Amino acid sequence: MQTSNFRKKNAAEVDFFMGYGDVNRYEVLEVIGKGSYGLVCSANDIHTGEKVAIKKIHNIFEHISDAARILREIKLLRLLRHPDIVEIKHIMLPPSKMDFRDIYVVFELMESDLHQVIKANDDLTREHYQFFLYQMLRALKYIHTANVYHRDLKPKNILANANCKLKICDFGLARVAFTDAPTTVFWTDYVATRWYRAPELCGSFYSKYTPAIDIWSIGCIFAEVLIGKPLFPGKNVVHQLDLITDLLGTPSLDAISQVRNDKARKYLTCMRKKQPASFSHKFLKADPLALQLLRKLLAFDPKDRPSAQEALADPYFNGLAKVEREPSCQPIPKMEFEFERRRATKEDIKELIFQEILEYHPQLLKEHISGTERPNFHHLSVVDQFRKQFTQVEENLNGSGAAVSLQRKHSSLPRSTIVHSAAIPAKDYKHVASSSTKLAVDGSWNAQIQGVHANIAGEPSTIVRPAVSSERSLAPTLQWQPNMTHFLNHALCYQNTVFSGSLLDATGPAQAIPRTTPYVDYRSGNLDLYQHHVSREDVQSDTATAQAHAASHGPVPAVSYSLPGTYRIT
């Protein structure tokens, strides 16, 4: 009886893929996000072997404004292909062209977001700060050269992997400008974005905007990375302006004239004179060059803020990469967003979303364009094989209450990638970080990175999770063998594996163990490995000591996160 009630209660969510094409391509693993929009599940792509995130967006046509936002986002993510922007890998084909209500969008999987990284790490280094900002600006350069303004940049909209890779996501509020003149548009989602909104937009719902608004947001995010908390957590518009002027000083009358809201402009005009605060006192121990650039990014007057390309050329990034090699994007054709320039009906939006889905089904798109398509696409249902899987993940979620990490309701979660300094062409991008990657150690050890086992000299050895306190998480541990001396592949850094063996036993031999720590080569922007030795005493001591020892022998270790089921040195 209890089972029967459970099935009735969860019937809508159990039939996760009901009637949709391509469902036999994916194996659902677990629920990783749940919100008003629907569900996000992690899954295995059986065709490629990759782990992906499948976002089910339900009842998308209930409100036309929501449908338009979804259309805008999937269209922009198709047009903006860049390593620093989250990628849509696939959109499932609905069972019927005009009778569908839900869509299933397959994203690359990322581990966390910058909000969680800032929250969980109090030991980020100058190299982390520099590389994080560089990636954000590199993405912004690409976005802005396409004449797109994100308009909702904040730490939760910047996804992160343990190899320090960042990707901008959530383009639902983005806008495309088709002239060089400032564009006036209605600004929604005001409260959620206040802390990262440029001062010229404070208190204004209809606002003119330029690329400078995104630059301000990046400055706020970078400052938050530096100090570990939001820079301007205003409770309302007046408080927001107070916090901004406490740091930057009273703006000039010319800068105040850029503020769109009459009351905000009057408040700033009548404000007592404030001197700028010392950035070196506010951001203790920060690189002086970083603070010089931050002050430019946070210029009160939008005309004084640098473009993303100008910021990339700042001395702060000297030696990191060549700015001229960082890619630009062709401006987006006006016809792609014609629906925003006219009063589109629900049927118009549905047809346009269906056309976007067909972009991921080339043969059907060809038929659609030529007019030879079938009126409806009915697919053989293979829901039964998903029913059990989805029931299980739902049962875990509802039964334990904390079986999965639901605090990050983002559409994209983990994928093992390598940081690239230049953009990857769209046709090559799918080949990055193949899931079949293996390591060769002295020609005798092959470890399957994304699995749960390793074969050492032909003998299986199980990865075990070390016993740790609730306050500390460790890396997956492999039994160390004397022949493990060389690590030849970047893929290992995704797991942050620590090697242990009899040397950890007080009675074992006092020999050094090889340990490979991932780091980012900040001159080239590529992820690399640094091999060194950690003594038995180091390993037996607190892991933070071992981490410090490792850091003193080379570049910074990879970032650590606090995700359930993820084990690493912290």
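Even glycines carry a Cβ here, placed using N, Cα and C.
The structure displayed is predicted, hence computed values, not measured ones.
Its own atom aside, the Cβ of Asp152 (active site, proton acceptor) has 21 Cβ atoms within 10 angstroms in the protein chains shown. The DSSP secondary structure for Asp152 (active site, proton acceptor) is coil. The annotation active site, proton acceptor is assigned in Swiss-Prot to Asp152.
Mapped onto three states, the DSSP output places Lys34 (ATP binding site) in strand. Annotation comment: Swiss-Prot describes Ile32, Gly33, Lys34, Gly35, Ser36, Tyr37, Gly38, Leu39, Val40, Lys55 as ATP binding site.
The domain 'Protein kinase' annotation in Swiss-Prot covers 26-317.
As annotated by Swiss-Prot, phosphothreonine applies to Thr188.
For Tyr190, the entry in Swiss-Prot reads phosphotyrosine, with the evidence type similarity to another entry.
With Ile32, Gly33, Lys34, Gly35, Ser36, Tyr37, Gly38, Leu39, Val40, Lys55 listed as the residues that bind ATP, the site has a largest C-alpha separation of 14 Å. Comparing Lys34 (ATP binding site) with Asp152 (active site, proton acceptor), their Cα atoms are 21 Å apart once rounded. DSSP classifies Val40 (ATP binding site) as strand under the three-state reduction. Taking a C-beta cut-off of under 8 Å and a sequence gap of six or more, Gly38 (ATP binding site) has these contacts in its own chain: Lys55, Lys56, Ile57, His58, Asp102. Within 10 Å of the Cβ of Val40 (ATP binding site) there are 27 other Cβ atoms, across all protein chains. Mean pLDDT for the domain 'Protein kinase' (26-317) in the predicted structure: 89.
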